[in-house]
């Protein structure tokens, strides 16, 4: 076979992932995340064993928050990888959308876990099993400590941005109302109860509180159904917390314009349209490329005497304050002058009575076919040598000057004859009289037209 000396070897998917993981692991900032990820896996293993021994679905729902912490650590690693990678010809805008996709996938998986807990809880209401509280409280505090320690120790840039930019969940709104009531009684607590708490810390504390109430009620009254009720409460809190983040990251993936910047974009476009030399701003499109990164493209039509580089600099300077990745296409105003005739026009062209204008008949769809092969021919390809030189679609109308010579010696008087006289001489009626032939001005067009005295076609 052929030997390709300079051909690059094709890596497998596992090989590519291994190469990128080594690239991330070479940075010392990622060592801390990898360490927390290893501890997270150990903690998840112990929690799943305690969930099986206690037969508590509420503890299982709380363990899913620890699994979500593992997803957040993976998202943080992807964020570091995006910072190291540079734009490529395939990904011309960079790799920032990978971390958006990671946030969207993590929040959606957390919601799927919450739906699974709701389904299992409905089945448990029909037949409630016995709950063992031996390791229920221990597992609750281990999961709470590790979740809070992970959230507060690792600076997760993507989730920190989404938690602030997304709309508030119903749990945050209720806690904010409760905080205002408490701060109205004790004003000194206003510095502790923030107007908008961290949603991840809030759901960890609320889930642990629900498990503590479950433990006390089971120990006091053996009320096992409270475990199922606590699982439903934790699942609803998880779903309500993750849903706004999924919506926000999904809108970023759909390349929508953020609502809070639409007014600023309209103001900037108005300023651009008033710049010197700018006639029109059109085809503008702005979208969110990543978290905190806005991209856009716009077409600017300018005057013919305007300086393109100067206008480009002014437009970019105005829009760059809000749009970091910007594409501006500038084109000058074009005046289209239609061509009336391809030949020099005589001075008396406006006197229409001295000329006979014969417009070319419109061509049908079949005229676009090749006259020999009946196949579509490209407009740019030259005609074959054996094809007829027939007039094309864009041929200008033929103008015949009215001279005083008698055409072809047929004995007709020159001038425009009335319609009745034409009919009396037999013109225009098939099979009667002699018909006048016309030359179209093309040298290669056959010029033998007309009929003989008997109305038969002339050979």
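Don't overthink the numbers, they just go from 1 along the chain as shown.
Glycine is treated like the rest: Cβ placed from N, Cα and C.
Whatever TrEMBL says is automated annotation, not expert-curated.
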370-390, 391-411, 412-432, 433-453 - the range that TrEMBL marks as region 'Disordered': 370-390
Range from 31-50, 95-116, 200-218, 224-243 with the greatest count of C-beta pairs under 8 A to the transmembrane segment (62-83): 95-116
Contact call for the transmembrane segment (31-50) and the transmembrane segment (224-243): at least 3 Cβ pairs under 8 Å, seq gap 6+: no
Other parts of the chain folded back onto the transmembrane segment (95-116), taken as Cβ under 8 Å at six or more residues beyond its ends: 61, 64-65, 67-68, 71-72, 74-75, 78-79, 81-82, 85, 87, 158-159, 162, 235-236, 238-239, 242-243, 245-246, 249-250, 252-253, 289-291, 293
Cβ-Cβ under 8 Å with the transmembrane segment (200-218): same-chain residues at least 6 beyond its ends: 56, 58-59, 61-62, 65, 131, 133, 136-137, 140-141, 143-144, 147-148, 151-152, 159, 163, 171-172, 175, 224, 226-227, 230, 233-234, 237-238, 241
